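Structure, as structure tokens:
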Amino acid sequence: MKAVVLTLAVLFLTGSQARHFWQQDEPQSPWDRVKDLATVYVDVVKDGGRDYVAQFEASALGKQLNLKLLDNWDTLSSTVAKLREQIGPVTQEFWDNLEKETEVLRQEMNKDLEEVKKKVQPYLDEFQSKWHEEVELYRQKVAPLGAELSEGARQKLQELQEKLSPLGEELRDRARTHVDALRAQLAPYSDQLRERLATRLQALKEGGGAALAEYHAKASEQLSVLREKAKPALEDLRQGLLPVLESFRTSLLAAVDEATKKLNAQ
């Protein structure tokens, strides 16, 4: 389990740097990406849920039950917002420490990626150039057929389709040839990158697994610290939810009791 956690964390951290390397944009820390996604998701759920609650309370049934769900919803939203403020710095510290501990490994992997990219770029450029040439050649062959169709009538449509079919097959076959050639050219570099990654991992295992065990221990320690620091915030959340749940339960029981009395009186 510890190995899985460490592996996912390393891939997550290196993945963000690899994206920055290929796209050449400003790097975003793992915590910033997680925080942005979580914030957007929570805000959408919160706003959408509040709209549904408001619609229900405005309905005839909602007015009759008078559960005060909207007040409880606002209280719950406030409690969740407080939790996010409390746990944010703790999670930030966790990512900072984990990123620091895996800095050397990430630098080595990024170096390998950069080297492979430089080697395969000429093949990618060549493939793109050949593909553009094939498309242009196909367009030149098809253009006269389109003019011929515009000059003719409906009976020439079938003739045009018969003429286009071999041209389309020719383009497909030529494209397949270029793709196969590109795959053959890139295969050695893919194998090389895979071997280098295996070498990096093997280096961690050498010496009785001391280096790998150190990574595991550090990741486990950071997770333990995060868990301990988050406990007070989670307890505050639980305490904040108790009044909300109790208020909802009381309102619901009162509504059920009122409905029962009305049914018995009829």
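Note: Cβ is positioned from N, Cα and C throughout, glycine not excepted.
Record features, source Swiss-Prot:
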- MET109: methionine sulfoxide (MOD_RES)
- 67-266: region '10 X approximate tandem repeats' (REGION)
- 67-88: repeat '1' (REPEAT)
- 89-110: repeat '2' (REPEAT)
- 111-121: repeat '3' (REPEAT)
- 122-143: repeat '4' (REPEAT)
- 144-165: repeat '5' (REPEAT)
- 166-187: repeat '6' (REPEAT)
- 188-209: repeat '7' (REPEAT)
- 210-231: repeat '8' (REPEAT)
- 232-242: repeat '9' (REPEAT)
- 243-266: repeat '10' (REPEAT)
- 1-18: signal peptide (SIGNAL)
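When other Cβ atoms within 10 Å of the Cβ of the residue listed as 'methionine sulfoxide' are tallied across all protein chains shown, the result is 21. Helix, strand and coil counts under DSSP for the repeat '6' (166-187) come to 22 helix, 0 strand, 0 coil. Looking only at the repeat '2' (89-110), the predicted model's pLDDT averages out at 70. If you look at the repeat '4' (122-143), the same-chain residues 6 or more away from its ends with a CB under 8 A from one of its CBs are 164, 167, 170-171, 174-175, 178-179, 181-182, 185-186.
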